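Asker: I have a structure here, written as structure tokens, and I will follow up with some questions on it.
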Amino acid sequence: MASLGGFVEFFQKGKTFRPKKKFEPGTLKYSLHKQAQASLNSGINLRNVVALPPGEDLNDWIAVHVVDFFNRINLIYGTVCEYCTATSCPTMSGGQKFEYLWADGVKYKKPTCLPAHQYIALLMDWVETQINDEHVFPVTVDVPFPKTFIPLCKKILTRLFRVFVHVYIHHFDRIVAIGAEAHVNTCYKHFYYFIIEFDLVPQKELEPLKDMTVQVCHDTSEVPSSANSDQKK
């Protein structure tokens, strides 16, 4: 996978769908971020890239990846968002079997059906708020991670996975049209191997892309099937 800089340049010539979160040079997370990017650029097996480096803290490793995935998925969705309208995508779905309802406990206290573009905009706003909160995503080693950090990251990554679901199932023709298929597939593989390595997304959430995952991630076993073609918040 190309570095984030190359990824940005390919997709939107430096313009992002939503402001990016960056790590400040000189911080531990910046060092981990650069280490992760260097591993990706070296072309080694993605399954090996996601493993926790010896001596590093798991929370730090997950934090830098959550931020990087947020940035990349923003860019990917940015290439299709003009085609994702209330008319073309009146619900946030992944085909006919899967529909996602939005709830944030604030404005949307109950799971609510929304057009896909609105769901994703709210999702990105919510993720951005989480990763920019230094009490939740500490930027210095003297600030501890909260006890809720891993459960929150699981929720963030589960919701970001749903953007992959929607893009792959409803807008992949656009990805192919601009020649971004290989970039998106590599990003998906990296994301998939990472969440599997640390058990960060429930298996039932992976069901919509089960067949595609087997094709893209050639060295993985088939994703377990789930009977739940349900509505999720």
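Note that the numbers count up from 1, one per residue, in the order the chain is shown.
Cβ coordinates are placed from backbone N, Cα and C, and glycine is handled just like the others.
Bear in mind that TrEMBL entries carry predicted annotations, made automatically and left uncurated.
What TrEMBL records for this protein is below:
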BINDING   Cys84, Cys89, His166, His171  Zn(2+) binding site
Asker: Setting Cys84, Cys89, His166, His171 aside, what same-chain residues sit with their Cβ within 8 Å of the center of the Cβ atoms that define the Zn(2+) site, listed in sequence order?
Answerer: Val80, Tyr83, Ser88, Ala116, His117, Ile120, Val167, His170
Asker: Sort out the sequence-distant neighbours of His166 (Zn(2+) binding site) for me: same chain, 6+ apart, CB within less than 8 Å of its CB, listed by position.
Answerer: Cys84, Cys89, Met92, Ser93, Gly94, Ala116, Ile120
Asker: Would you count the other C-beta atoms found within 10 angstroms of the C-beta of Cys89 (Zn(2+) binding site) for me?
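Answerer: Summing over all protein chains shown, Cys89 (Zn(2+) binding site) has 20 other Cβ atoms within 10 Å.
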Asker: Around His171 (Zn(2+) binding site), how many other C-beta atoms are within 10 angstroms of its C-beta?
Answerer: 21
Asker: Would you count the other C-beta atoms found within 10 angstroms of the C-beta of Cys84 (Zn(2+) binding site) for me?
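Answerer: 22, counting other Cβ atoms within 10 Å of Cys84 (Zn(2+) binding site).
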